[in-house]
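Annotated shikimate binding site per Swiss-Prot: SER26, LYS27, SER28, THR73, ASN98, ASP113, TYR233, in sequence order, evidence recorded as sequence analysis. Annotation source Swiss-Prot lists active site, proton acceptor at LYS77. Here Swiss-Prot flags ASP89, GLY137, ALA138, GLY139, GLY140, ALA141, ASN161, ARG162, THR163, LYS164, GLN165, ARG166, ILE231, GLY254 as NADP(+) binding site.
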Amino acid sequence: MVNLTIKREKKKIPRAFVVGTPIHHSKSPKIHNFWLKQYDLQGEYLAQEVTSEEFRDFLTSLKRRGFCGGNVTLPHKQEAFHLANYKDDVATMIGAVNTLWYEGDKLCGTNSDAYGFSANLDDSAPDWMGETALVFGAGGAARAILYALKKRGFERICLVNRTKQRAESLAEHFGKPVEVCDWYKAHEILYQADLIVNTTSVGMINSNEKESTSFFCDFHKTKTTALVTDIVYTPLVTPFLQRAKAHGLRTVDGLGMLLHQAVLGFERWFGIRPRVTKALRATILQDMGEKRG
């Protein structure tokens, strides 16, 4: 008698990662595993400590390790950009990749930081759009912010950085309406700014205290309607935001950017577009040891 039993192929459980060094501080596993549980999905999201010397080999072995994609954090974002087989327009403009996924055998990359920045402000301050933005810092994080602001149609984006040459390089890359303003004359732009953004690490836990105390922003010259935001989220309320609050200005912390930027990758790997909720924020705040929220 012929055996007609058909063996069903066991469905693979999607596995994703966050890779960087150091990686122990990353909140990404908490975020993605919260969503996996919330939506009752089978899947894994794992932190991977990988050095710069090991990173290329790690990427070439993703499928063998059972990964369908993942997040890339410091110091690997630019290397991921160079190694991905395909980069979308967002990643190309920002010059870094923080989200990877497969399309067939092709390793694809994007950068979700610009989306995370805009979505955070959409969520926390829906009327945040204006004409003039003042951005402090010209590092990797600033590139995503400039991209987001340009996409949202700001008519003037003033970039301020201690090393003016770095700011000039970014302004040339992004073109109009990005322009460079002198670090010590930033106060002259403040009274015009509808949005003020800090993309530097000044005020971050473990940052240089001398540098922190020398960083200033004369908020008493700012529009009363201006919105102030900091992409740093440890501490949740940075000295930059504290000073803005002291002058009665509206502020948005940087935690929401982290939460919202995670949405795009989760949807790629696990097939559902998750929502950033108060419950998720509370979970991450608890993990951070923060009581605010």
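Just so you know, glycine gets a Cβ as well, placed from its N, Cα and C.
Residues within less than 8 Å, Cβ to Cβ, of GLY140 (NADP(+) binding site) and separated from it by at least 6 positions along the same chain comprise LYS77, GLN78, ALA96.
ALA138 (NADP(+) binding site): 25 other CB atoms within 10 A of its CB, across all protein chains.
When the binding-site residues ALA138, ASN161, THR163, GLN165, ILE231 are compared by Cα distance to THR73 (shikimate binding site), the shortest distance belongs to ILE231. Taking the mean position of the Cβ atoms of SER26, LYS27, SER28, THR73, ASN98, ASP113, TYR233 as the shikimate site, the remaining same-chain residues with a Cβ inside 8 Å of that point are VAL18, ASN71, LEU258, GLN261, ALA262. Annotation note: THR163 (NADP(+) binding site) sits in a coil segment as assigned by DSSP. Just so you know, the Cβ of LYS27 (shikimate binding site) picks up 18 other Cβ atoms within 10 Å once every protein chain is counted.
Taking the C-alpha atom of TYR233 (shikimate binding site) as reference, the shortest distance to any of the binding-site residues ASP89, ALA138, ASN161, THR163, GLN165 belongs to ALA138.
Counting Cβ atoms from all protein chains shown, SER26 (shikimate binding site) has 18 others lying within 10 Å of its own Cβ.
On its own chain, ASP89 (NADP(+) binding site) has no residue at least 6 apart in sequence with a Cβ closer than 8 Å to its own Cβ. SER26 (shikimate binding site) carries neither a helix nor a strand DSSP state and counts as coil. Maximum C-alpha to C-alpha distance over the listed NADP(+)-binding residues ASP89, GLY137, ALA138, GLY139, GLY140, ALA141, ASN161, ARG162, THR163, LYS164, GLN165, ARG166, ILE231, GLY254 is 29 Å. Among the binding-site residues listed (ALA138, ASN161, THR163, GLN165, ILE231), ILE231 has its Cα nearest to the Cα of ASP113 (shikimate binding site). Around the Cβ of THR163 (NADP(+) binding site), the same chain contributes ALA138, each under 8 angstroms and 6 or more positions distant in sequence.
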